[in-house]
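Below: the structure, in structure tokens.
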């Protein structure tokens, strides 16, 4: 048998970026031979094995044939006579269809095996499909978009983009399972330039199918005195990229993506103002999260940011009572870590505007000081002093928090 490192590891090595995971293909072996050498089978649809020492994945060389719509509609063929070139031919992009042989000691040896000119496309910074079989797997649309977010200086070849459009028009994207769509969107959000992912998805028409609420934001005007970039879609991409540049968490980046969804449904006769867009954003966000089965942590932060971001921007005008009500609505007193992420999302919103990425955001420090003061109130001591009257306790604690915030900020109630 011969073992080869394949795919992203070879690509990243040639690009000079850190290799995170290595995938291996085994040519000339059977499942029985792999098991005899201590490899543990883990593949459900085709033979994949874990190395007995490193626990890395090794797959038998295979070919595949489309048999039904969607991500799972494939029939796989694996046998000792399947060649490395045949295995590489089923891969999505030329830059991912390269290999190097692995020695018995686990070292990469010999030249790069590159039957589809992936090295030339790497130099040209182009994502190009290996063959027309690309159209058989709709996940590849999401993968290319995610790669664009990681390698922001790459472009998609015209002929590849044409295939992607054909797949979208044929309804292939509609057959994707929600969990896989979310997985790829989430991974793309965590890349260096998430806006590139959404640009590619828009260009091929896929964004309108998988995230129509986001796609609808382009072309919606905002007030130029607040938003020099004017276009809401452009603004949201700037917000997401700012959050990515700061290294913020996935929940923060998802909240950045979805905070202004309601602007797409603003009545045309009131544009470019967007009064009440926060509530409309929440109304759109709830079914989106349900449809894609967004994890609770991401959903909950996104909902509270969508609802409250306008209020957070206006905190310099608020008295102590309004600030305490904001903390209570946002559950900040019980969940200060989540509130810190709210601040990150709102700061990204404020700085995700043309020419304003270094704009001061004093609201964040004011809210941090105010929340610390509100949380310093000893609710237990107040309760012990009052007794069993729950309503009186609640009112007294609320009043004490207002007084603490007013004192900390030296403002009126």
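Just so you know, the numbers here start at 1 and follow the chain as drawn.
Using N, Cα and C of the backbone, Cβ positions are placed for all residues, glycine too.
Straight from Swiss-Prot, the features:
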type    : residues            : note
BINDING : 8, 11, 91, 143, 146 : ATP binding site
BINDING : 8, 11, 91, 143, 146 : CTP binding site
BINDING : 21, 23              : Mg(2+) binding site
DOMAIN  : 232-333             : domain 'HD'
Count of other CB atoms lying within 10 Å of the CB belonging to residue 11 (ATP binding site): 23
Among the ATP-binding set 8, 11, 91, 143, 146, as the record gives it, the longest Cα-Cα distance in Å: 16
Stretch-averaged pLDDT - the domain 'HD' (232-333): 96
Fewest other Cβ within 10 angstroms of its own Cβ, chosen from the binding-site residues 21, 23: 21
Helix-strand-coil residue split for the domain 'HD' (232-333), DSSP-based: 78 helix, 0 strand, 24 coil
Residue 146 (ATP binding site): tally of other CB atoms within 10 A of its CB: 24
Listed in sequence order, residues not in 8, 11, 91, 143, 146 with Cβ within 8 Å of the centre of the CTP site Cβ atoms: 7, 92, 93, 95, 96, 147
Distant-in-sequence Cβ neighbours of residue 143 (ATP binding site), under 8 Å, six or more positions away: 92, 184
